[in-house]
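*Asks:* What follows is a single structure, and I will ask about it in a moment.
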Amino acid sequence: MAPTAVYTQKDSPSSSQPSSKGPALAIGSLETAQDGKYQSLITELEATRQVDKLLLDRLVDGATTLEPSKYNSVHVTLASSDYQSLQESTLRSLLTQLLTGLTPLGTLHLLNLTDGLKTLPSELTLSGFLVLSAAGENPGDSIVAQKPAHAIGASVSLKKRGSATTTSTTAFVTTTTTTSTSTTTATVTSAPSVPLLLRKRGDPAKKKALWALTTDASASPSTKIDADALLTAEDKARPVPTCAPVDRSAPRRKKACKNCSCGLAELEEEEKRNAPVVVIDSSIDGEGGAKAVDKAERERLLEAAKNAPKATSSCGSCFLGDAFRCAGCPYLGLPAFKPGEKVEIDFGMDDF
């Protein structure tokens, strides 16, 4: 019986096999297409992966949009004038579009940078990228940025201890093929899932003890401090309102308070007694004039008005006020008064 040879089939490289690297996007401009930099970038990338080609103005003008999470890498080669125009207008919106088109952990390569783009790393960070390598000071340097593994705002479920594990498993298949029997044996191994555990809650009794009013272990938990027991008789006594003595040179208060004890009430009464008085009389200037009189004259006029006969009026309405007076009334402009009394207006009145 002839011996049987057993061969293990191995995958041999073939030119028809797709590359291990994911699809890439090459972005250029008219200037880089004319000087050959864009074509060189495409030739270099097509050797190892599938490459989609796009010009910058298509993205900036909104003529096309990128499919979400399609490209493993995006390579941008622009001229210095293109970078300057982007920095002044639509750089933030372009970076947002590129972030959308990249897969998680995909990389963005900005090539042929100039030394004037100092704010580009900060713009990448604000757009959601992680800057892996920054450009140097030499013209032609590049910046490499990466899209985070999780998008901003992505939710991750947290399961408590003892809950069911996830149902999704990863299968590893090992295949062995023999040429004599043409049989295939497959072994499937499921990768164990690791649940995410929440933080264990603390002891409620320990937390409650932190807010206890007493640290004495023998004391009752219901023991409370009586706030009234901490006050003395002096604390409970109603304070007597007092004010500082009045100072004639300092600015005074508007008015003395009730039951004033600082002397302001007496000062106001004294000023009222000694204040000058203006007497308005129709006998002055023939039209009802005004003159200032002292205290003695004021008292004399008051006494004279009290003893004088009642005043008379040709129309009988002079004493009722301006609404009842004629145009030539000598009392025009004066307040209403009783017949025979003098009208007095103090210097402190606002309507004089």
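Using N, Cα and C of the backbone, Cβ positions are placed for all residues, glycine too.
Sharing the feature lines straight out of Swiss-Prot:
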- Cys243, Cys257, Cys260, Cys262: [2Fe-2S] cluster binding site (BINDING)
- Cys315, Cys318, Cys326, Cys329: [4Fe-4S] cluster binding site (BINDING)
- 1-11: compositional bias 'Polar residues' (COMPBIAS)
- 1-24: region 'Disordered' (REGION)
- 1-196: region 'N-terminal SAM-like domain' (REGION)
- 196-237: region 'Linker' (REGION)
- 243-262: region 'Fe-S binding site A' (REGION)
- 315-329: region 'Fe-S binding site B' (REGION)
- 315-318: motif 'Cx2C motif 1' (MOTIF)
- 326-329: motif 'Cx2C motif 2' (MOTIF)
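Locate each feature and note its surroundings.
*Replies:* Other Cβ atoms within 10 Å of the Cβ of Cys257 ([2Fe-2S] cluster binding site), summed over all protein chains shown, number 12.
For Cys315 ([4Fe-4S] cluster binding site), the count of additional Cβ atoms within 10 Å of its Cβ stands at 10 [all protein chains shown].
For the region 'Linker' (196-237), the model gives a mean pLDDT of 74.
In the region 'Fe-S binding site A' (243-262), the DSSP tally of helix, strand and coil residues is 0 helix, 0 strand, 20 coil.
Across the region 'Fe-S binding site B' (315-329), DSSP assigns 3 helix, 0 strand, 12 coil.
Same-chain neighbours of the motif 'Cx2C motif 2' (326-329): 315, 318, counting only residues six or more beyond its ends whose CB sits under 8 Å from a CB of the stretch.
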*Asks:* Tell me, if you would, which residue among Cys260, Cys318 (binding-site residues) has the fewest other CB atoms within 10 Å in the structure shown?
*Replies:* Cys260
*Asks:* Go through the chain and flag residues at least 6 beyond the ends of the region 'Fe-S binding site A' (243-262) whose CB is under 8 A from any CB in it; none is fine as an answer.
*Replies:* 268
*Asks:* Given the binding-site residues Cys243, Cys257, Cys260, Cys262, state which is nearest to Cys329 ([4Fe-4S] cluster binding site) when distance is taken between Cα atoms.
*Replies:* Cys257
*Asks:* Please tell me which one of the binding-site residues listed here (Cys243, Cys257, Cys260, Cys262) sits closest to Cys315 ([4Fe-4S] cluster binding site), measuring Cα to Cα?
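*Replies:* For Cys315 ([4Fe-4S] cluster binding site), the spatially nearest of the binding-site residues is Cys257.
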*Asks:* What's the CA-CA gap between Cys326 ([4Fe-4S] cluster binding site) and Cys257 ([2Fe-2S] cluster binding site) in angstrom, rounded?
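*Replies:* Cα-Cα distance, Cys326 ([4Fe-4S] cluster binding site) to Cys257 ([2Fe-2S] cluster binding site): 45 Å.
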